[in-house]
Structures are given as structure tokens and as C-alpha cells.
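According to TrEMBL:
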- 17-77: domain 'HTH tetR-type' (DOMAIN)
- 40-59: DNA-binding region (DNA_BIND)
Amino acid sequence: MTSTTPLRRQPVQQRSAKRVERMLEACASLIEEVGYDGVTTTLIAERAGVAVGSLYQFFPDKRAVVQALTLRNLEKFIQTVDGRFTSTTLEHWWDAVDSIFDVYVSMHREVPAFSKLHFGDVVDMRLLDDRRDNNTVISDRIAEMISAKFDIPLAELQLPISIAVEAADGVLNLAFRRDPAGDQRILDEAKVLVRGYLSTRLPD
């Protein structure tokens, strides 16, 4: 669980929840168009079709809106990976790692603003959790899922998965700098790199 709560108050009515959802969708579309620095709370409110005062009822500033959007993307990532784990035959941990990798690449290509925000580093290295950096939040969740799926002690996974996430992050950034859709040759090399490293650290 993260310790960060971007919302000033939780929407309790369905109408309020839908309004917050429109704000997040508006924020994502604006980031796609003008980048994080070009987005303002006024633009978000206008795009969402709400008064700016309504936005401030739920969010103190632009950063909080983006934080909520990024946390939503994290939840989508975890849910999608979990769905792959339950719906696909994964005979080995490296099948799981490949699946996680593929989910990340798909989100980069398909989820609005994800290619600009990733998991929040463009805004704050601790956007997801004020006690851990963003990549540590991701690697901890991945380690927990692999541990549960393959009965590997969590303590044996945490450091190798953390290093693998950092390495993959750098190579994935290169792939998407070379090609907005992701240079497939570099994506393939990233998989080889991660599997090669983890195979020296995790059980066969």
C-alpha cells in the first residue's frame, strides 16, 4: 500500500466519482497534447466540463491530479498483470517476467499520458509513495506477485527484481526515444538483458 493520498476528500456519490473520473481523463488527454508543464488546473477543469472550484474540492493542485492519475495507472498495471497470471499458463518465473514486461509496453502504447508520465518520475521521484521512490514501489509489487505465484521467498526476490526494474527502465526509455511505438529490436534486447541477469540470481 502507498502512503500517499492525493484526494482532498473521497467522492461518496456516483455523480461525484464520475466527475473525478472526467478530471483524470481530461488531465491525461492534456498531458498527451501539451506535456505535464503545459497543463493547469484551469485547463483540466475546462476539458472535464467542470468548474475549477469543483476540481479544488477534490484536488489541491495539478500535481495531486497527476498523482491520482498515476496511482490509477499503477492499479491498472497490477490488475492487468494479475489477470495475466491467472489466465495464462506460466511454467517458470521468466514467463511471468516476460508477461509483466509486455503489460508495461502495452500500457506505454495504449494508455493516454502513460508514455509521458510512466509511473510519475517526470513529476516527482516519490509520486506513488512518499516513503519509497516510484521504481521501488513497482519492483516491490512485482516481487510480491512473483513470490506468491512461484513460491520463491520474497527476501530472495526484492534486490534482484529492483535491479532488473532499474535496468529495464533505462532500456525501455531508449526504445521509446528511438521510436514512439517502441523500437522492437531494443524491446527484445531488454527482455534478454532482464532474463539473463535474473537467471543468475533466481532459482531455476
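Cβ atoms are placed via backbone N, Cα and C, with glycine included.
No curator has checked TrEMBL annotations; they are predicted automatically.
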Go ahead and report the DSSP secondary structure tallies for the domain 'HTH tetR-type' (17-77): helix first, then strand, then coil. 53 helix, 0 strand, 8 coil
For the domain 'HTH tetR-type' (17-77), what's the model's average pLDDT? 96
